[in-house]
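First the structure, in the form of structure tokens, and then the observations on it.
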Amino acid sequence: MQANGAGQDRDSELSCQNGAQNGESSSSGVAHSNGLESGTNNGNTVSSNNNGVSVQPASNNATSTSDVNSGVKKKKRLSQSEEDVIRLIGQHLHDLGLNQTVDLLMQESGCRLEHPSATKFRNHVMEGEWDKAESDLNELKALMHSPSAIVRMKFLLLQQKYLEYLEDGKVLEALQVLRAELTPLKYNIERIHILSGYLMCCHADDLRVKAEWEGKGTASRTKLLDKLQTYLPPSVMLPPRRLQTLLKQAVELQRERCLYHNTKLDSGLDSVSLLLDHACSRKQFPCYTQQILTEHCNEVWFCKFSNNGTKLATGSKDTTVIVWHVDTETQQLKLMKTLEGHAYGVSYLAWSPDDVYLIACGPDDCSELWLWNIQTGELRTKMSQSHEDSLTSVAWNPDGKRFVTGGQRGQFYQCDLDGNLLDSWEGVRVQCLWCLSEGRTVLASDTHQRIRGYNFEDLTDRNIVQEDHPIMSFTVSRNGRLALLNVATQGVHLWDLQDRVLVRKYQGVTQGFYTIHSCFGGHNEDFIASGSEDHKVYIWHRRSELPIAELTGHTRTVNCVSWNPVLPGLLASASDDGTVRIWGPAPFLDVQDAEGHNECCSMDS
């Protein structure tokens, strides 16, 4: 019935699905259905009519009496999603301590923040009235999807009660809870044994340390309530900080969908604006030539940043290795030292895990391997087992004391830093090598268009990847889960090594029978880069088959790319044109670009 006595109109009823159900009625001037006391509006008590509609008292210059006499204006029935939003806002305001505002919001909307039984339960938990809280569980049981969860909730309540008794020095009362209340539940016996051990704690500090517990008070009770809420349906009590959780998920999803996002993900909301969609500008991405290194005098076959990101090594057909210093502030490179004497040219380089050593290998007809101490610039080892060998690939063991090397003539060795042979695998024609982080398994691509895993400890091997065309090179992600393959005539393929499945084929790159080395890169290795025989560098987001950038500038085949592992905005590429290009963000960013608010640009260079 409306307040002015007009006839009943079902369409004008304002009870929410989560509001005036379960038989509770709105009372005026005492308490609302959200369990909070009636608020005031500028000193005036806010009351509710018998439909749950908030009626604001007239101000001196406001609503005329004719508005009241003509009846309360109809309000549309709220949808479920609208009610949910109101409750989420109400919870957030309540967490901020704006309780009167919550009162007004719930009255005017006709919704309630949570079920009255849940409000009562919350208050009893926060006040440490454990017997009353336990009694509240009986009321909540009828509202739960899984009534059996009551036992788990009761256990959590009694555990808190027990610990608080112990902290207060009430050992006999704590023992009574343990024996007469917790043990009869016959739930989590192992935990009860642990709790009983806390009886031996000499003082409160000792208890808090051993129990990893915040101690009696608001902090531990709030944590307890967060756990208890997980057993209650959201229609009864909202999960804690639900609005913040949804906003964080929205920000994370926008970042994941941003093709150019290349910075650390900050999980906090304070670092972002919720008023705009997240979008990084292409100008922040390493698409622009920052430097062209021209010190090599012939084709540059390989480039690789050190693990700490402070050096870049480049190998050339001109028989030299050049080590460049990376200024982490300016991100400019300067020639540090030149390593000479490689008669066959340098086609592959590998940094030791601690970046002290660098190993250089040559092309197919090279039987030598050179191990340089980069700190001193001295050659530590020049290894050659046989003139018939072909040592064209190498990989370091994670311990930094061993490495594996091999070639297409069937050599596959494990050696120490002095070049002494520790183990060998007969008859394996190696194209490319990688040591997994667990230190036991070596991955090797061979002339049978496959990658196999070899265990030098128990001398077992197994097939992991099988392609239909020759695997020219491959690299593995930091977590050891993904492998990136350059496949002859096919381009770049991504494999999941754990599930042994082909995940994605990346489009655009021109790949014939030249050996091209691609790489993972960017923050969290979200990106993939590869050279190409069409003189370009291609960059893809790991989840997208189409390139997000095509970098032009080289005039011949790009043989190798390397992404700086510490500076995600720095990329190097080595080409047959004799140059190494260093790619970075646009040299000049306007404020809007720097804040990442511009739309993502197209992939045109």
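Glycine is no exception: its Cβ is also placed from the backbone N, Cα and C atoms.
What TrEMBL says about a protein is an automatic prediction, not a curated fact.
Summarising the annotation, TrEMBL assigns compositional bias 'Polar residues' to 14-37, 56-69. Summarising the annotation, TrEMBL assigns compositional bias 'Low complexity' to 38-55. Marked as region 'Disordered' by TrEMBL: 1-77. Residues or ranges marked as repeat 'WD' by TrEMBL: 293-334, 339-370, 551-583.
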Report, as numbers and ranges, every residue of the chain located at least six residues beyond the repeat 'WD' (339-370) whose Cβ falls under 8 Å of a Cβ in that stretch; write 'none' if there are none. 298, 301-304, 306-308, 310-311, 313-323, 377, 379-396, 398-400, 403, 405, 407-408, 417, 419, 515
Helix, strand and coil counts within the repeat 'WD' (551-583) (DSSP): 0 helix, 16 strand, 17 coil
Averaged over the repeat 'WD' (339-370), the pLDDT of the predicted model comes to 92
